[in-house]
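Notes follow the structure.
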Amino acid sequence: MVIAVYPGTFDPFTRGHEDLVRRASNIFDELVVGVAQSPNKRPFFALEERIHIAREVLGHYPNVRVEGFSGLLKDFVRKNNARVIVRGLRAVSDFEYEFQMAGMNRYLLPDVETMFLTPSDQYQFISGTFVREIAQLGGDVSKFVFPSVERWLVEKVGRRHAESDKTA
């Protein structure tokens, strides 16, 4: 049984993320989507919200489970007995960072491989950062995220706008 881990911040979980999960779940016996705490990135959604959102989107995949983690990826990979780390590459700009991370992961986990998947054409330009910016500026994100994720975004953006109106 080959277990793979697909780690990320998933802030928010996009159609591009789901595309990679769908494809990776067809390759591996079990896929663990690891939602990283990532405090240095100052996520828009709290860790528990991101886990909940990912579970809403991915609940219909029988061989996929979603777990949150903090700390080193190597510890999460070991905890889940994974033999592969799945990473997405959208563009050449992603490659340099991901290549360095794969090298470090190989050093820390010599018996674990990193597998890169490129997104389907319609998802190559989607990033969580772009989706958050569009949502915060009142734009339509429905083509980039699932309806449940869009509802979370609209609610969160509305709360933040209401809070900033109170302080202004």
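For all residues, glycine too, the Cβ spot is worked out from N, Cα and C.
Site annotation (Swiss-Prot, ligand substrate) includes Thr9, Leu73, Arg87; from Lys41, Lys79, the additional listed residue is Lys41. Most buried of the binding-site residues Thr9, Gln124, judged by other Cβ atoms within 10 Å, is Thr9. Taking CA atoms as the reference points, Arg87 (substrate binding site) and Gly128 (ATP binding site) are 15 Å apart. Most buried of the binding-site residues His17, Lys41, Arg87, judged by other Cβ atoms within 10 Å, is His17.
Within 10 Å of the Cβ of Ile126 (ATP binding site) there are 20 other Cβ atoms, across all protein chains.
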